[in-house]
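Feature annotation from TrEMBL assigns transmembrane segment to 12-30, 42-61, 94-118, 130-148, 160-182, 194-218, 246-264, 284-305, 331-350, 415-436, 443-463, 534-557 (among others). What TrEMBL records for 589-656 is region 'Disordered'. According to TrEMBL, the compositional bias 'Basic and acidic residues' annotation covers 589-618, 639-656.
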Amino acid sequence: MLMARSFMDLIWDYAVFVVFIIFSTLYPLWGRFFGKKEKTKADYVFGLGTISMGAMMLSIARGTLGVRSVLGYPSELFYRGSAMWETLYGMVTAYPLVCFIFIPVYFNLGVTSVYQYLDLRFNSRLVRCLASGTYIVRSLLNLGVTVYTPTVAMNTVIGIPYWASLIGISAISIGFNLLGGLKAAITADVIQSVTMILISVGIIIQSMVTVGGFGQIFTIPANDGRLSFFNFTGDATVRVDTTSAWLGQLFMSLSVFGCQQNFVQRYLSMGTFKEVRRTLMSNIPVVIALFCLAWIVGMGVYAVYAVCDPMKAGYTNKMDEILPFFVEDKFAYLPGVLGIFMASLFNGALSLNVSNLNSLATVTWEDFLSHLPRYKGISDKQQLNVIKFIGSIYGVIVMGVGFSVGLLSGVIESSMLMTSATSGPLLGVFLLAMLVPIANWKGAACGMIVSHILTLWITFGSLTVSKEVVLLPTTIEGCTNDTFSSGITKPTKSWLLANTPLEVESEFPYFDTTTHAPLERTIGFPENIYSVSYMYYSLIGTFLTVVVGALVSVLTAHADDAYDRKLLHPFAYYCSKLFPGKERRYISNPDIRPKDVESADSGTKKSPLDELERDNHGFDTVSEQSGVTVVSVDPLPPKLDRPEVYRKTADPEADR
């Protein structure tokens with residue numbers, strides 16, 4: 001990407017890089033060597049409530065924004081303007097919806113994998129496996145891209161071979177997986193978040209010094225058309241406008257925050273619903289601040305290079321290289337800054353890999369392996385060892401996907417397409433389960449399958465349509481011999497860099513870098529469908545899943561579809577009682593139990609859900625007897641003379 005410098009010129013950067021990686025790796029694991037170690041599966045998966053709210057907030061924000069906030073947003077503003085900035089509306093809207101729709105339903109169900117909820121709700125292994133299998137495949141592809149992205153930058157900036165970086169990230173991730181757990185992963189997220197905040201502030205200060213004040217950081221981009229908000233085009237084929245940014249990001253965020261294991265796992269690691277609610281709502285200003293910080297960094301970088309675009313001048317090859325170029329160019333006088341910046345990219349991929357390996361292993365165990373006969377009845381310690389082993393295997397698989405990305409550039413695009421196409425079906429099946437009382441397993445399975453087929457058809461069909469990608473104009477008229485620091489030279493363009501896009505954080509596929517000349521063409525069916533912006537794919541997938549699922553459920557309704565009403569959202573349950581007709585039959589499921597919470601005083605487990613106080617509105621109350629916050633979905637039913645028996649196959653005769 002950038003310039004070639006001698007080893008001695010970069011010796012401080014190498015030293016800082018190595019020291020930071022060692023520190024950020026060993027510090028989160030320090031307590032595992034010299035403190036309390038995980039003794040149970042719950043310790044490993046949930047951290048036993050030892051994680052502070054502040055750390056949890058930074059970890060959730062870190063997972064929300066990801067590596068793309070470091071490289072992608074500054075380059076997006078530089079070359080395309082602020083349209084994607086408005087995805088913030090969707091993120092912010094998603095938090096309260098997740099807090100009051102998703103969390104009350106499964107917080108106290110006693111589940112380890114979020115996809116266990118679907119099995120409880122639909123009595124269907126098929127629906128559960130469809131959802132968890134989609135998550136696993138999508139995550140593996142995304143992680144392969146995530147761990148590969150910084151290796152290209154490190155190879156081209158400080159000369160570390162991409163294969164060495166890839167092996168390093170994977171080896172450290174596997175070590176984290178074996179020695180740490182959720183708490184260690186969150187600690188790594190906190191280190192990464194704090195480091196990137198400091199680096200971003202440093203870049204903004206350097207930009208201010210270069211252009212002559214903080215006001216210029218806003219004035220120059222605004223004058224050059226980089227800041228344009230509230231653009232309602234009404235055209236679904238436009239790459240992104242205000243409507244698609246808000247709606248598209250809203251549905252994708254709901255799918256990620258509310259239906260993805262690595263996020264839900266963090267919510268369930270907290271002790272009470274009140275704590276989850278406080279953390280999520282308090283996280284909104286944190287996400288806003290961190291999100292806007294990355295865009296202000298982009299404004300500062302643009303203000304510095306407004307009259308001399310490094311890519312147009314031939315000093316960089318791709319859009320996402322602009323920020324690393326800025327760091328090496330403008331911080332050349334301060335040895336070590338480039339090293340810590342590159343180490344942060346390395347650590348960013350590392351921490352994302354670690355937390356996702358934990359979640360992938362948990363989902364694989366709970367949703368697939370734990371039901372096999374050979375694993376029936378094994379001890380909690382053995383389960384923990386199996387989960388750690390699965391996570392290590394996934395670490396190797398992710399490394400293999402990363403190597404494939406380096407050889408086959410199409411893998412990146414495939415991963416991006418898979419993400420956008422699967423967010424909708426995942427969200428849709430959870431909405432069916434929580435908000436549609438009549439939904440059954442046949443409708444849920446059909447809805448997901450139909451939605452997957454149609455959204456994948458649209459997604460891959462879009463590759464056959466030539467689309468105009470408009471980049472805002474840049475100039476090199478102001479370039480002089482003193483524009484860039486001494487020692488910077490134009491790069492030689494290798495085959496690998498020429499054929500490997502540097503998109504960041506494929507969880508949100510926003511940063512395609514290919515440009516096309518405008519084409520005059522008449523669009524008919526199905527090209528008009530293929531031309532729809534990918535920002536709408538998650539909305540389309542959700543709509544298809546819910547509509548098809550509801551229709552099939554109505555047509556295939558059966559007495560065996562009965563389920564425990566605690567699996568339905570309180571609001572949906574109470575609304576369903578307002579409709580005329582025969583009252584829906586519900587049954588009690590003994591597999592639904594509250595989270596096990598250990599008492600700080602006695603170390604004993606709390607009592608089951610039916611022994612705790614519950615309110616009528618689905619929010620939290622605290623039992624004086626147990627001290628456990630409980631989320632309820634309806635009043636306690638009247639006690640029967642005989643206990644109600646949960647049956648997967650209902651017997652109508654037994655109900656009489």
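Quick reminder: no glycine exception, Cβ is built from N, Cα and C everywhere.
Since this is a predicted model, take the numbers as computed values, not measurements.
Note on the transmembrane segment (534-557): residues 236, 239-240, 244-245, 247-249, 251-252, 255, 420-425, 427-429, 431-432, 436, 438-440, 442-444, 446-448, 450-452, 454-455, 458-459, 462, 509 of its chain, located 6 or more positions outside it, place their CB under 8 angstroms from a CB of the stretch. Between the transmembrane segment (12-30) and the listed ranges 94-118, 160-182, 284-305, the one holding the most Cβ pairs under 8 Å is 160-182.
Against the transmembrane segment (94-118), stretch 130-148 has more CB pairs under 8 A than any other of 130-148, 194-218, 331-350, 443-463. Beyond its flanks by at least six residues, the transmembrane segment (194-218) meets 20, 24, 58, 69-70, 227, 290, 293-294, 296-297, 299-301, 303-304, 323, 326-327, 330-331, 337, 340-341, 344, 347-348 of its own chain at Cβ-Cβ distances under 8 Å.
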